[in-house]
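Per TrEMBL, the features are:
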| type | residues | note |
| --- | --- | --- |
| TRANSMEM | 34-51 | transmembrane segment |
| DOMAIN | 427-827 | domain 'GPI ethanolamine phosphate transferase 1 C-terminal' |
| TRANSMEM | 440-459 | transmembrane segment |
| TRANSMEM | 471-492 | transmembrane segment |
| TRANSMEM | 504-525 | transmembrane segment |
| TRANSMEM | 545-573 | transmembrane segment |
| TRANSMEM | 608-624 | transmembrane segment |
| TRANSMEM | 654-672 | transmembrane segment |
| TRANSMEM | 684-713 | transmembrane segment |
| TRANSMEM | 733-750 | transmembrane segment |
| TRANSMEM | 770-791 | transmembrane segment |
| TRANSMEM | 803-822 | transmembrane segment |
| TRANSMEM | 834-851 | transmembrane segment |
């Protein structure tokens, strides 16, 4: 009996112990999930916040439109936009008709675009006079990206013909006065072999107008004012991608456009008569020599602008303008209101001198339209009180003086004052848009510092033996009170220090900063940092090496040479750490990786022979390293087919290339799950789709990177530092720095900031040639991710939990100074580069962690598991 009672007591204690362990496990799992969720939220807030602070939407709702002055020189305007026509090619080989217009019948200049040099932002700038805000990135190509006003909306009627990716931007959400017609999207094919068919894109547009001209609608608007005809001409862009902008086909298409414009002008002048039609010819963006666009090179940001017809000088006068200035120019030519969110300056120098007084009134309207934007931005960012800012007072005074000058007939002085007032208005507009910038960045910095503190204590902290419950309670009460006061103070206007404006973003960023500091303080109360240090010499080497590698990473975002220096430093640090390099192959592959950042940037124009050499090298690796006959045959067959597709003996767009891509996981899973063998399988499996998406030496880079990682894997088992410990050591920090270096090498080993941010459909020519932005972008992202997948698999095989989080920690530290480098000022190339650097720094560590988690699917799944499952199922049925 006594024994039974003891047994029952023991069972209850065992049960309670298991329950306690389960509860503790559940609490730990929940804590890790909440930590991951908060980390994701903080990263998204910082990424969005930095873009929002510097490039918040310029659009303000319900601004009044300024009535245009009477006596406009033209009744209608024809807007020809040659998509992808760069100024350099145009001016080197000017088409006959347009060259004659430039010299004898009109005016011309360079239209300077902004980054990104893509079709949608360019057309929005031309038609609306504004540059798209970052939020439009998430809207999609084939819809109205933002609810903006445009010259098409303000016109009496607009007829537009062109691409299905551009025309709907302006027809959807319009006031039913914009009528658009498009050709089938399947016509937008970037296949170089179909270049003789691309003229039909532009031909269709011109013919559609000629057909419209014979309709009853055309007869009904002969004498109407405020009419716009928009011709979107995609031929140059398509041929520039397929054949490059210096090709014969590109020039022929440019000449064809010029000839058809001459035909359109002659027919139009006969139909409408009276010389009341103005013509504008320009481009949305340019193109690089290798047929891409998207970054900020001069060949991409310089486009031609030619004007002729009613109200335009006929002297061959040249005046360069910003692209956004085309919108007020079109509006003023036909006497319609300037778009309410326009940022452009009316280039009045293009107008004929007979319209001198009209120019003064139109320029005054431009000033008033900008003044309304200044008032609107002041109300949003600084409050809507009764007192005006001194900038608004001065602007109103300038407008009053201009009106007085124009009323007295002193038009020349009025125009001079108008130019000065517009410059002042744009400065005031910039000031109010950036009014809260310092405060926003302060809140974001506090939030980010607090998050880095939490992250550091997560990877280097140990739980304190004695928790200060009372201190925790007081801290929680204090922060909850502060959070409530912040929110209530903004809503009720109680605290002017927190909320002296009607901007809802301010309390949002302030609240997240408070919550982040709250979590950091709680973590400091409950945890204490713990380091594992072997000796002072190792400590000095590893901390110094980590800091040096962080510097090379920072400069490597701008100068690729820094990554080569970082790779050499890696070899040296490993030599000092272990006393030897363990493998000659590691030394040679490391030196080879140092060479790639020194090579010229990979251009989309394919160098077939380099890719074929890479495929042959990979076949030799399969023959020498693969022991399984079936896998050897499989890989050689895939590589040979890849070579045939790349050399275009086989057209892989519709079936073969997609089969190679989609069967990649199945081929990888044929390899045993032993780390080195599976890494070989992953490399061979991913090599074929990577080669099909390559243009030059990228496959050689992939093979070199794999060889280097393979040496690391070979040396790892003999090294005790890869034990599954969770405490942080300085060794972990430098290993994390190594992983960060490999990650940046994956991005910049074959390219730079401009090549990554540029877009060229020729990269995806073996999978798809018909224009499909989502599919093409997905394939390009896959290509960029494949080297990162290999690094992620190596991280999965080698890294402890502390190393994985240390990668995130170093990346977040790196992104902090880059956050302040993002600015709306300076050249557009500098602005675009700063944005790209910040996004890469903040997203790469997260991407590497994600790929490490996803690499489980590639590293651990075995095809034999499916076979066993199938056999067991059949046995059960029998």
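Every residue gets a Cβ built from N, Cα and C, even glycine.
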Are there 3 or more C-beta pairs under 8 Å linking the transmembrane segment (34-51) with the transmembrane segment (803-822), counting only pairs at least 6 apart in sequence?
yes
When you scan the chain for residues with a C-beta under 8 Å from the transmembrane segment (733-750), skipping those not six or more beyond its ends, what do you find?
542-543, 545-546, 549-550, 552-553, 556-557, 560, 563, 566-567, 570, 573, 593, 596-597, 599, 601-602, 696-698, 701, 705, 709, 721, 756, 784, 787-788, 791, 794-795, 798-799, 803, 806-807, 809-811, 814, 840, 844-845, 847-848
Cβ under 8 Å to the transmembrane segment (34-51), counting only same-chain residues 6 or more beyond its ends: which ones?
134, 440-441, 444, 447-448, 451, 454-455, 458, 509, 512, 516, 519, 808, 815, 819, 822, 835, 838-839, 842-843, 846
Could you pull out which residues elsewhere in the chain have a CB under 8 Å from any CB of the transmembrane segment (684-713), counting only those six or more residues past its ends?
582-583, 585-586, 589-590, 592-593, 596, 599, 602-607, 610-611, 613-615, 617-618, 621-622, 635, 638-639, 641-642, 645-646, 652, 657, 660-661, 664-665, 667-668, 675-676, 742, 745-746, 749-750, 762-764, 766-767, 779-780, 782-783, 786-787, 789-791, 794, 797-798
Which value does the mean pLDDT take for the domain 'GPI ethanolamine phosphate transferase 1 C-terminal' (427-827) in this predicted structure?
81
